[in-house]
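Marked as active site, proton donor by Swiss-Prot: LYS64. The annotation substrate binding site is assigned in Swiss-Prot to ASP9, LYS34, 62-71, THR117, ARG179, GLN188, 208-209.
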Amino acid sequence: MARICVALDVPWERAIKIVKDLYDFFETYPLILKIGHKIYLEKGGDAVKELKEDFPYEVFLDLKLHDIPSVVGLAVEKISELGTDYTTVHLLGGPEMVKEAVKNKGSMKILGVTILTSHDENYIKFLKSNFEDIKNFTLYLARVGIENGVDGVVCSGEEVEFLKKNIEKDFIAVVPGIRIKKEKRHDQKRVLTPAEAKKRGADVIVIGREITESKNPVYVVERALKMMGEI
């Protein structure tokens, strides 16, 4: 089963209204609630605590940590103490940073960020990387994460099938950049529909603005679930 993760990159009051509406309609479906810098800077760790207290959903604190290993380790420890279910670290931070994150995760799951979906092949040129394409660079980063203990990776839907075929260990594949209407790309360059992402092997499908900017978030989630064959 592929799960929908709702990216709540909106003010806190709006986020709570959306979650309440979704809960009223999808009480038994295991949604994941993702909060990022916007809400975290507004509410701090209380955002995680309140969501966990008021709703039966897993909470994903997406801060994309990237710093020296000791700093990331301390941050991960504090994030875990909030009751967070998932958090992210940038795999570009390297093996030692990843190991320190994993060592301090407690019962939380660590997700390694590969290449953001706002990047395309031009990013490889910008980095002056020896990799010929973004797909193989993503595979390299994913292996760095999985070999050092992450529970899953965040990658584009264009790479998820390639990763699943070329990495022997089981891992959670989290795919952002999902659009029900692919023409609504916003600042994403590599996008798929929910059905396409599931077919290619995504375990968690992240949908943000199509839900949070909709007048009817419930309809958007319901439509995505139908496209995925989950209801």
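Easy rule for this one: first residue shown is 1, then count along the chain.
Here the Cβ of each residue, glycine as well, is placed from N, Cα and C on the backbone.
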Separation of alpha carbons, the residue listed as 'active site, proton donor' and THR117 (substrate binding site) (Å)
14
Please work out which residue of PRO69, GLY208 has the most C-beta neighbours within 10 angstroms of its C-beta, and give that one of the binding-site residues.
GLY208
Rounded Cα-Cα span from the residue listed as 'active site, proton donor' to ASP9 (substrate binding site), Å
14
Taking the Cβ of LYS64 (active site, proton donor) as the centre, how many other Cβ atoms fall within a 10 Å radius?
15
Reported as an integer number of Å, what is the Cα distance between GLY208 (substrate binding site) and LYS64 (active site, proton donor)?
17
